[in-house]
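Feature annotation from TrEMBL assigns compositional bias 'Low complexity' to 1-16, 29-43. The feature region 'Disordered' is assigned by TrEMBL to 1-43. Here TrEMBL flags 53-267 as domain 'Cytidylate kinase'. Feature annotation from TrEMBL assigns ATP binding site to Gly57, Pro58, Gly59, Gly60, Ser61, Gly62, Lys63, Ser64, Thr65.
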Amino acid sequence: MSPDDGSASPGASATGSHDDAFRTGGPGTTVAPSVPGPVTAGAAPAAPTGLVVAVDGPGGSGKSTVSREIARRLGLRYLDTGAMYRAVTQVALERRIDIEDPAAVAEVVERTVLTVGTDPDRPSISVDGVNVDEQIRTRAVTNAVSAVAAVPAVRARMVAQQREIIAEALVAGGIVVEGRDIGSVVAPDAPVKVFLTASTEVRALRRSRQLGEKGVDDVARTLAELDRRDALDSSRTVDPLSIPAGAIVLDSSALSVPEVVDEVLRQGEHVLATTS
């Protein structure tokens with residue numbers, strides 16, 4: 001359910017047990033996910049009853065790895081909203097659509113059916129029934145996704161679908177959602193908001209490793225691409241990348257994944273305890 005329809009927003013809760021959820025899934029424990037099967041975007045949303053953890057940040061900040069681990073520890077579902085934008089971008093590139101043509105890109109998103117798997121151990125995304133997990137992680141898609149994501153029609157469609165997925169997941173206990181506008185736009189009422197960042201050098205090294213690149217020239221190239229994408233994402237007219245109000249801000253440059261997750265859980269528990 002979205003704030004626009006007069007009902008509870010995706011970040012709202014009807015249970016009052018958010019603090020318990022963070023304590024139960026604290027550092028050093030593992031809770032099995034609540035049967036997180038695939039969700040087809042566009043399904044009718046149900047009444048929210050669980051917890052939403054919103055994780056935002058630029059590329060290479062560690063938000064995907066951290067978000068999945070938080071979801072595992074808390075027994076929640078996991079949604080990578082960036083994968084949805086990447087999937088639309090991959091379709092546009094495959095069909096040789098001019099990504100600088102908003103009308104053409106808008107037509108692509110209107111004709112594309114995304115099916116999203118929300119299991120943190122096996123997240124997946126399919127386009128019209130075909131899995132595209134590998135295809136959306138190429139450098140070509142990475143370099144084009146900001147232009148596609150800046151199209152207002154694309155963002156409107158994606159945000160609506162993301163809210164529907166969140167609403168359905170809330171019935172099963174909750175969800176960790178990562179992206180670049182989760183705490184500010186998609187789920188502004190999420191009780192726990194996190195903004196992860198890191199130095200551009202560290203982010204470039206991480207992204208190069210994800211792409212299987214090791215050379216100094218590769219890292220330098222990735223650094224330039226990250227700088228370009230940061231500028232595009234932060235300056236776009238619709239839903240720019242920004243730190244959401246009330247977010248826990250963490251610099252992950254010198255921290256391991258477990259250290260970041262532990263700190264998020266610690267601060268998240270404090271936030272819930274002081275707001276409940």
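Any Cβ shown, glycine's included, is placed from N, Cα and C.
With every protein chain in view, the residue among the binding-site residues Ser61, Thr65 whose Cβ has the most Cβ partners within 10 Å turns out to be Ser61. Within the same chain, residues at least 6 positions away in sequence whose Cβ sits under 8 Å from that of Gly57 (ATP binding site) are Lys63, Glu178, Arg180, Val194, Phe195, Leu196, Thr197. Taking the binding-site residues Gly59, Lys63 in turn and counting surrounding C-beta atoms within 10 angstroms, the largest count is reached at Lys63. Mean pLDDT for the domain 'Cytidylate kinase' (53-267) in this predicted model: 91. In sequence order, Val66, Glu178, Leu196, Ala198, Arg203, Arg206, Ser252 are the same-chain residues whose CB sits within 8 A of the CB centroid of Gly57, Pro58, Gly59, Gly60, Ser61, Gly62, Lys63, Ser64, Thr65, the residues recorded for ATP being left out.
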